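Undergrad: For reference, TrEMBL lists these features for the protein:
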{"type": "DOMAIN", "residues": "C:62-252", "note": "domain 'ABC transmembrane type-1'"}
{"type": "TRANSMEM", "residues": "C:12-32", "note": "transmembrane segment"}
{"type": "TRANSMEM", "residues": "C:65-91", "note": "transmembrane segment"}
{"type": "TRANSMEM", "residues": "C:103-121", "note": "transmembrane segment"}
{"type": "TRANSMEM", "residues": "C:127-148", "note": "transmembrane segment"}
{"type": "TRANSMEM", "residues": "C:186-212", "note": "transmembrane segment"}
{"type": "TRANSMEM", "residues": "C:232-253", "note": "transmembrane segment"}
């Protein structure tokens, strides 16, 4: 049996269904991500697991215990909040020690553990600082240490890096992943940032309208989106109606379906260069209507017939970029065109 | 099973919550709602307390004695509010032109004097301008006849003292309103060729007007309800609505609590009108700007 | 621009002259030996203050004021903190409803309040008219807006529900979360509200005079009764009272500054949203 089981959990706020018989399972030691747009119910699910919201139906099992109706403090669940929720009247040390003190442990017996944990999150030397004296990133490290020290069965992280700027955010993502692997703690991470989810997760649950839209390893989710929603949400996929695509390639194959094509698998060449596509790919003529520099990637927006396709090209200085209105050929490998479920 | 247990837990939790909120509810009911309801009912009762009647209101609005009290209260409230708001409109604006640090200091001191009201204030004015007050005697010695007709215990004295306690309040209320005028507006207006005066007439004043009216209504309410200062200065002799109400409930011989209730209800109505005006005006400021 | 600046300064100085004149005059009067037909006092003395604090009647009045104010403020703070803790955790929807009742006393001047209170408590089962208990009840309601707003703002700035959630997830029970996490964090804000309420009540005259004036002489009533007997002594009362209120505000200000979340600013802003009745 799985370590954490969410079984048909339903939650309503004022009659609006936020979680709609959602079910999912998490294994021990995994870092899974609940990924979805704001309002999809991912945070609500997290709060239900923590016991901060009461569920209207369904069960939650953790480590073979039914915790559906337990008080938050009896669940063995830890949580890191988006706004840190550090206790402003306590120092870093006192914040981290709080959970152990609540277990009735005395000062000198916990000191070693507290210091070890502060070391682990890289805050050695800041023990006596107050939260307001720390940067956002440092505050979130304290929050992480504070919830990890009591060794909860599962640690919930509610968009913990949202308030931080991009650089610090990337660094903390890496560190979190390291810490998680080192400690082997089961973690559930909530975010609306697909890049973040792809970076840190062992598995991803894409949530939409209170249900799991798709689950799987990051690579699976990214390369095999199961639905138009996932395709649009996860990447910068080109999502086309079947009829639209048929017009482009001139083959009646996809009537009534939706297709997803990742921008980076489309090859781009100047008009007339080495003739036809291979058997395994389609060749389409088009015109560049937009060029966007995205750091290591150049994104071309290409119009072909009445469709717009985005094409990502690695930005190595050898290629000079193409100008607007340049006529180009697009080569699309057949097996990379994903047919989406509706 | 779980659902049933959940319900029981719910009920006991609710009981516990209700119990914890009981003290506050009791105090609010006992010392706020009950007195208000009692007063409302009393105002519709005859003096013996047994008959329903509109008589108290008729007395309040027909008897010249009380009618004059209402008129005096309205007059002094309007006049003192008007003087205070005009003075404060200038001073508060001047304060906003100071350095931020100085602004804070000035407001702190204004705040300090805002607490100076009631009996101590009346007393201070008696010392200064009373029959044998410091300034009164000084002016006599210097032969300044203009002041010889001034009588602190009359209408003019009351106005002076009402303005005194209205002014700090007016400044504190108006000060933040000036920040609704963005500096860029002024710059834009000047670049478009407007003079300072034109800017104020076309942009500045219209923007803060609702704030001025709202503040005025608060000052008005403040003066209407004022009792201590006037009572300390002229006792029950001067005919003001609030002083009349006080006399009707405390005077042993003349105590007429039912009439007092009716007068208090009329006073309350005027305050509610002022409050609603303020509420509406303040919302106007916000709607205009956001 | 320069001469305009000068004009601004002049106008502000004039205003301060007007506003501080009564205070200065009272202060000088309180330290003057004799001052009734000269431009300046004939001599300076502190004897009026000595006399005042040796006056048994004044000391008794001071004791009564302190007693009534302390009980009302203490009781009120305890009730408000507990009630708001519960409301913001369990019944957030009730808050607007509660706010309406709690803010109402702002809008009710003392004279009106006194009419109703006397009606309810002068006869019948709860005839506590003329006793300090009626006064304390009235005081309790008068300061509700101040304590409510101060406490609520403190709870908002620390995001009380989330703080309690965090504490609970770390194994704290509700009472522990309240005493270890919530109380230390809202205490500065609550103290500021308490001090503010205390100084409001210390200057309260209308309700005191109308409800218990004849039976329970507070400092304000004492001043009212003696101000025509001895100007110098009364000046000393006024200045002492004013210094006391000033000290309270100063402590509150310091507390507010130490408490960096800006609670006191909120409170100070709110204080003048609605009128004080005089």
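Placed from the backbone N, Cα and C atoms, the Cβ positions cover glycine too.
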Undergrad: Near the transmembrane segment (C:103-121), which residues from the same chain, at least 6 beyond its ends, have a CB less than 8 A from one of its CBs?
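TA: The answer is 127-129, 134, 137-138, 141-142, 144-145, 148, 204-207, 210-211, 274-275, 277.
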Undergrad: Taking the transmembrane segment (C:186-212) as reference, which of C:65-91, C:127-148, C:232-253 has the most Cβ pairs under 8 angstroms?
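TA: Between the stretches C:65-91, C:127-148, C:232-253, C:127-148 has the largest tally.
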Undergrad: Report, as numbers and ranges, every residue of the chain located at least six residues beyond the transmembrane segment (C:232-253) whose Cβ falls under 8 Å of a Cβ in that stretch; write 'none' if there are none.
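TA: Long-range Cβ neighbours of the transmembrane segment (C:232-253): 23, 26-27, 29-30, 32, 48-49, 51-52, 55, 58, 191-192, 195-196, 198-199, 202-203, 219, 222-223, 226, 264.
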Undergrad: May I ask for the residues of the chain that lie six or more residues beyond the transmembrane segment (C:65-91) and have a Cβ under 8 Å from a Cβ within it?
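TA: Hits for the transmembrane segment (C:65-91): 98, 132, 135-136, 139-140, 143-144, 147-148, 151-152, 155, 160-161, 164, 178, 182-183, 186, 190, 193-194, 197-198, 201-202, 216, 218-220.
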